[in-house]
């Protein structure tokens, strides 16, 4: 029996070692738009209105910031459209930073994003889902924290499981929940238009009274507004799995982001038709308060569809996070096992599981506002570096084909705004969390030089048996490398 077992194990190892496979389930234009819209419209539009209003100080600046965030997201996405059609590799910023600035910068991005930004974003969205999903069961009080966190963990497990099973299934889930969230957006917008037609405009009169003038406060308002828009770069993470990326990538961006911007501005106007600024700031769940005042006795549909919205957004976040870990592992910047894909399912199973496990750890001490500020600070530093990479490659990589070419001034504007968003809150109100974030980013160099640059033999000896046993356990194999 032992001889037979050893022989079978040897055959499996040989199969896993020499079989090279490539995912064949590709994402079309509709699914691409659904991924952008579905990931962007998550919990942000139902949470961020309070924070944007708090930092902007009045209704007028609040609405202007929402519109300006949409314009900035569109400009950033157009830069990414050029980069994505010029460098048709998955991994988004990782692949572009690698091409423009080399291995060290790309590694620091993958280190920060894989270990903190992607799983913490996943955790934030599922916590929002849990809050709205549990709200109807606690009508007179806030749901207990343990209930929210357990429900959030369950959502992470379910979403990770769906994404591990099939690319096509994950796409169907994304399309369904994108449709659901557009339904609730339409309901809120139509209700707002009807109320304005009835003369409910007193809250938008004198809209600029009490506006914020602080340099840092405006930066923090943009932080929270752009948090709601985050996701405009998600399609670039899966460029290799996109049908005809030269056409579908820019087209999905041009359709998806303006649609989201219009929805966000009109939803905020609808909120102000029934709530004063002070009432909006005191509301624990802005969309639910709106539903209670306008849609009674069917107000229950608001938390239900908001839960759908956040669940779909979390699915999109998980879908793209696995691809970054997979690409970084393929390039040797993460452990090799993360670059393997399922022999049966054609999904980056190890990368998806790793992201899900980290997200569960992040929900334990989670405070949503702190996580959003931490996330935005680091993320916009890398957005700025990526648009700077576009400018640099205009001069250093003139040989690359550019099916989409945006005016360089747009890349310059996004880079400057990114610098402002990173520096303004630090200058206005220095806090230790920004220093901790910076230290964490550069702490990755401690691992980079011995493990990636020097390729230490002792690390390979430790990882080889671990990789082999995990490979056998999960039935995963190295993917065919895309040149």
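Glycine is no exception: its Cβ is also placed from the backbone N, Cα and C atoms.
A TrEMBL annotation is a machine prediction, not a hand-curated record.
Of the given residue ranges 124-145, 146-167, 322-343, TrEMBL assigns the label transmembrane segment to 146-167. Among the ranges 53-81, 82-110, the stretch that TrEMBL annotates as transmembrane segment is 53-81. Counting same-chain residues at least six beyond the ends of the transmembrane segment (433-453), those with a Cβ under 8 angstroms from any Cβ of the stretch are 103-104, 107-108, 111-112, 116, 332-333, 370, 373-374, 377-378, 425-426, 459. Only pairs six or more apart in sequence are counted, and the transmembrane segment (146-167) with the transmembrane segment (346-365) gives three or more Cβ pairs under 8 Å, enough to call it a contact.
Counting same-chain residues at least six beyond the ends of the transmembrane segment (377-396), those with a Cβ under 8 angstroms from any Cβ of the stretch are 76, 79-80, 82-83, 86, 92-93, 96-97, 99-101, 105, 109, 112-113, 116-117, 223, 226, 230, 233, 408, 411-412, 414-415, 418-419, 421-422, 425, 433-434, 437, 441.
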